[in-house]
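This report concerns only the one structure given below.
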Amino acid sequence: MNISNKVPFKFSLEVKEALESGKPVVALESNVITHGLDYPDNVTTAKNVEQAVRESGAIPATIGIDKGEFLIGMSDEQIEKFATASHVPKVTSRDIPVVLASGGMGATTVASSILAAEIAGIKFFCSAGIGGVHRGAETSMDISADLTQLTRSRVAVVCAGAKNILDIGLTLEFLETWNVPVISYQSDDFPAFYCRSSGFKSPQRLDELAVIAKAIEINWMLPGGKGVLITTPTKPEDALDNQKIDIIIQEAVLEAKKKNIVGNSLTKYLMRMVDRETDGISAKANMAVLVNTAEVAGKLAVAACLQSSTFFARIKSQ
């Protein structure tokens, strides 16, 4: 059954032709355009990320929702529309039915982008960092849908680890419990967004993209094999000091508790506080992380195609 025929999708011509011809495609989220960066940095970064994917040999597919249908691949005009709109709701997996049914507009998170990518037949997705288990989740139960979607969708996610504002130790425990393979590319450490190390060792290290592609393929052949998380640290010249960032976050978490900031608002508040306390340096680091992960994701998608011409067809048929 072709689910994409039943869910309202609008493919860009570039993405449609790439998927039909078996070319490597990398999905991208739109939440970073509407909520992650300010204008015009959001537009510049979105285009730079797409260009990084193209220069790696793959086709970028920025995902969003507009007029009640998924956009799989955005034009420059559509990116500009998302970047300048006064209010675009942040849409995670559970919000998709309501936003599509109401004919509205929505910026897709990691979780909803992964879901849309899977339905569209795209096997690779990249983001600066995934959501995870929040600090204090033992009482708040604040766990990102990014994690649960990884356990459900057969998509390989390339990122710079989990955001520093999270409890990364518990995030790794969650991924282990739900059998999500975590592979760090050319690094022993699990990165933390714009910090090269979170202080935690990565469960697995692989140094060749072709081997990572093979591991992904094998995972999808196994019963129950779903998402795979591939982490790549930001470049040394773009990295921030993990200890300094952690001190800022600890203080921001305390302030958030005093102000009763919870749920979807918490992540944005904490990231804004980090940006403020670093005099905007973290925002620039964020942009660099996005481009770096896009480059690696593109190369990985290409490696998957090169190692086996039937890679995507074989997985899709299962």
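Here the Cβ of each residue, glycine as well, is placed from N, Cα and C on the backbone.
Taken verbatim from Swiss-Prot:
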type	residues	note
ACT_SITE	Glu29	active site, proton donor
BINDING	Lys90, Val110, Ser144, Ala145, Asp146	substrate binding site
BINDING	Asp142	Mn(2+) binding site
ACT_SITE	Lys163	active site, nucleophile
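Other Cβ atoms within 10 Å of the Cβ of Ser144 (substrate binding site), summed over all protein chains shown, number 24. Neighbour density for Lys90 (substrate binding site): within 10 A of its CB lie 18 other CB atoms from the protein chains shown. Taking the Cα atom of each, Asp146 (substrate binding site) and Lys163 (active site, nucleophile) are about 12 angstrom apart. The two recorded residues Lys163 (active site, nucleophile) and Val110 (substrate binding site) have their Cα atoms spaced 12 Å from each other.
Local packing around the binding-site residues Val110, Ala145 was summarised as the count of other Cβ atoms within 10 Å of each Cβ; on this measure the leading residue is Val110. Under the DSSP three-state reduction, Val110 (substrate binding site) is assigned to helix.
In the three-state DSSP scheme, Ala145 (substrate binding site) falls into the helix class.
Using Cα positions, the member of the binding-site residues Lys90, Val110, Asp142, Ser144, Ala145 nearest to Glu29 (active site, proton donor) is identified as Val110.
Each residue in Thr92, Ser93, Thr109, Ala111, Ser112, Ile130, Gly131, Gln149 lies on the same chain as Lys90, Val110, Ser144, Ala145, Asp146 and has a C-beta within 8 Å of the C-beta centroid of that substrate site, without being one of the site residues. Cβ packing within 10 Å was compared across the recorded positions Glu29, Asp142, Asp146, and the lowest neighbour count falls to Asp142. The record assigns Lys90, Val110, Ser144, Ala145, Asp146 to the substrate binding site, and the maximum Cα to Cα distance across that set is 13 Å.
Rounded to a whole number, the distance between the Cα atoms of Asp142 (Mn(2+) binding site) and Val110 (substrate binding site) is 16 Å.
Recorded residues Lys90 (substrate binding site) and Asp142 (Mn(2+) binding site) have their alpha carbons 17 Å apart, per Cα-Cα distance. Around the Cβ of the residue listed as 'active site, nucleophile', a 10 Å sphere holds 27 further Cβ atoms from the protein chains shown.
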